[in-house]
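Student: Take this structure first; my questions come after.
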Amino acid sequence: QFTPSSFLRIGQLSNVDLNEDIRELETELPRQHPNEIPHNEKLLSLKYESLDYDNSENQLFLEEERRINHTAFRTVEIKRWVICAMIGILTGLVACFIDIVVENLAGLKYRVVKGNIDKFTEKGGLSFSLLLWATLNASVVMVGSVIVAFIEPVAAGSGIPQIKCYLNGVKIPHVVRLKTLVIKVCGVILSVVGGLAVGKEGPMIHSGAVIAAGISQGRSTSLKRDFKIFEYFRRDTEKRDFVSAGAAAGVSAAFGAPVGGVLFSLEEGASFWNQFLTWRIFFASMISTFTLNSVLSVYHGNAWDLSSPGLINFGRFDNEKMGYTIQEIPIFIFMGVVGGILGALFNALNYWLTMFRIRYIHRPCLQVVEAMLVAAVTATVGFVMIYCSRDCQPIQGSTVAYPLQLFCADGEYNSMATAFFNTPEKSVVNLFHDPPGSYNPMTLGMFTLMYFFLACWTYGLTVSAGVFIPSLLIGAAWGRLFGISLSYLTKGSIWADPGKYALMGAAAQLGGIVRMTLSLTVIMMEATGNVTYGFPIMLVLMTAKIVGDYFVEGLYDMHIQLQSVPFLHWEAPVTSHSLTAREVMSTPVTCLRRIERVGTVVDILSDTSSNHNGFPVVESNPDTTQVAGLRGLILRSQLIVLLKHKVFVERANLSLVQRRLKLKDFRDAYPRFPPIQSIHVSQDERECMIDLSEFMNPSPYTVPQEASLPRVFKLFRALGLRHLVVVDNRNEVVGMVTRKDLARYRLGKEGLEELSLAQT
């Protein structure tokens, strides 16, 4: 049993250093509850490394760049375009695959259950149908959850927070591996077919990013195949640009919105941007949409008619029927406020739920059980709602895929069933386009309420699933309800078409949950194929974002924070001018001399207590009266490659015999550098000397120790650095600023807070 005082201590949000609390808790807890992990959102995890966006300009790099002539640079540029085209094509094909498989499997499931329900409605015993439906759902979701929980946990969720972190410069383990892609695609198919309140749109972004990272390297480390192409792009700088193109291609395949994809990549993803990149990303998005479009058109049997641009198509909105007038603008703004409040409520509930999951449901088997439970509950809720609903509509002229008759008269169908007995995408389109009078307000109200809690419970399960479509569905349901009640109030006047309000409600709800403005406006405009709604959608989204931000942050940012990722925002915290580099930096710094004993290097790298990744190189003067000034910076990965190739000499004066390393040797080891434990150095070799001068970066970025935190932050963030050396006025190394030192400071409720670092 759990005493309130210790619970308070875990959940306590205090500005003091929480390390003592947690250490104390860890000593208390194992005796009472071994199944509980103390987790606090005021921590930063030390398990995440940074990506290096800054090229190491050592002598090897400069020699290679000098050798490359103008035509070679042109071929590199052409290769970039080719890679972007390939990213687009492959992302489109993956989207097609997901779409076709989901359509067939879900269709099969719904036909089986519908036949069963029709059979048992006549002779009684509908509980069997419920059992069948729940069992089908739970078993499908079980498979989808097992592969994620046991094989690749990074594939859980929509993957947007992870890609956001990757583009910000945080190296999240396994996030762009081939294995992740396979698990992601299978997991999405299974969770959508399993009837969970999820969409297949969010994971497309992650899939696109994985495809991009894989193609741009010209090899697969998982499959141990090297195709010897695109070797120039084997570094973080290039890989990251292609990943942002892949994310954009994913959005445009999901929504048929190439411009929206580019803007998404700009708004949510990429921290680094230039014009050429924009143009290439747009190219990748266009190719991706076109591929999806042509393949799906062929699959649907009309090869020349490119009518399905994205995985979700909201259908055309006609201007005649659906125009809006100036007096509706305040109504739309009010809907934005409602969406912001509901979105904030969704995020707050999901926050507490995720905290609970991190603390108690951290074993893979428990996570699978929870996913099955949610699947069964979703089916049960849907069944009970359909069973209790008495809302019957005539089948004539309706476009229902699987009409359930249940207790309705012949020639009629149950309208609650169109909402629950369908994939969420189809339900959204139905809510947008069904003629007025297709839904009973009571039906819509109950559906919104239930689906809101189901979607909230589902996001964060150990299955691959997106939150886009459920949010659109919740919003479309209450928006339509709003439109119906408006037309009741105005005695059925012409302008209150419920479909239009369903669209605005969907935008408001999605904006309130994920807080995207620019890209979401364009995505909604492109998906509806109507530019006239741009203005009201923009108003709705802005209102939803402003109102939602007043209460709680967006869903993706919240999950990034809950995973304790050292994420750097655009600006340093507002009130941080009083801090200087001296207070922020990490000391003491492990430095290497320019000509160093191999034994010293091996000992420094093997020391587990200081897992540093960058070492300042200082001048090694025999005359100790002179100061050891900073000469350069060398990375752990470079040192490991040097040791692996045994680039050292017996004595300090024989610097001619060593084999010349090429830049290619470093590129071939990227991105999985071997750990230092796997490199054997004999006792004789430990006495040799190693000369770092041609491998170190001779011009690292430095700041004086008096620089203020915002200044350090700007330099670090804009250049995408991994290490920033702090020097004093004699150019001696006094400290090192890394990502964690900057991400530690955050603006909290009471002002500037400092987070503590934890090894979790």
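Even glycines carry a Cβ here, placed using N, Cα and C.
Automatic, uncurated: that is what TrEMBL annotation is.
Dumping what TrEMBL says about this protein:
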type: TRANSMEM; residues: 81-102; note: transmembrane segment
type: TRANSMEM; residues: 130-151; note: transmembrane segment
type: TRANSMEM; residues: 181-198; note: transmembrane segment
type: TRANSMEM; residues: 242-264; note: transmembrane segment
type: TRANSMEM; residues: 276-299; note: transmembrane segment
type: TRANSMEM; residues: 331-353; note: transmembrane segment
type: TRANSMEM; residues: 368-388; note: transmembrane segment
type: TRANSMEM; residues: 442-461; note: transmembrane segment
type: TRANSMEM; residues: 467-489; note: transmembrane segment
type: TRANSMEM; residues: 501-525; note: transmembrane segment
type: TRANSMEM; residues: 531-552; note: transmembrane segment
type: DOMAIN; residues: 696-754; note: domain 'CBS'
Student: Is the transmembrane segment (242-264) in contact with the transmembrane segment (181-198), using at least 3 Cβ pairs under 8 Å (sequence separation of 6 or more) as the test?
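Tutor: Touching, no - the transmembrane segment (181-198) and the transmembrane segment (242-264) miss the threshold of 3 or more Cβ pairs under 8 Å.
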Student: Under 8 Å, at least 3 Cβ pairs, sequence separation 6 or more: does that hold for the transmembrane segment (130-151) versus the transmembrane segment (368-388)?
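Tutor: Per Cβ check, the transmembrane segment (130-151) touches the transmembrane segment (368-388).
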Student: Before we move on, state whether the transmembrane segment (531-552) and the transmembrane segment (331-353) share at least 3 Cβ pairs under 8 Å, counting only pairs 6 or more apart in sequence.
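Tutor: Answer yes: the transmembrane segment (531-552) meets the transmembrane segment (331-353) with 3 or more Cβ pairs below 8 Å.
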Student: Cβ pairs under 8 Å with the transmembrane segment (467-489): which stretch of 242-264, 276-299, 331-353, 442-461, 501-525 has the most?
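Tutor: By the under-8 Å Cβ criterion, the transmembrane segment (467-489) pairs most with 501-525.
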Student: Considering pairs 6 or more residues apart, do the transmembrane segment (501-525) and the transmembrane segment (331-353) have at least three CB pairs under 8 Å?
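Tutor: Yes, the stretches contact each other.
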Student: Any residues 6+ beyond the ends of the transmembrane segment (276-299) with a Cβ under 8 Å from its own?
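Tutor: Contacts with the transmembrane segment (276-299): 80-81, 84-85, 87-89, 91-93, 95-96, 99-100, 208, 212, 241, 244-246, 248-253, 256-259, 261-262, 265-266, 270, 305-311.
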Student: Other than its close neighbours in sequence, what residues sit by the transmembrane segment (242-264), given a CB gap under 8 Å and a spacing of at least six beyond its ends?
Tutor: 83-84, 87-88, 91-92, 94-95, 163, 166-167, 176, 200-202, 204-213, 215-216, 233, 270, 277-278, 280-282, 284-289, 291-293, 308-313, 468, 516, 518-520, 522-523, 525-527
Student: Sort the residues of the domain 'CBS' (696-754) into helix, strand and coil with DSSP and give the three counts.
Tutor: 16 helix, 22 strand, 21 coil
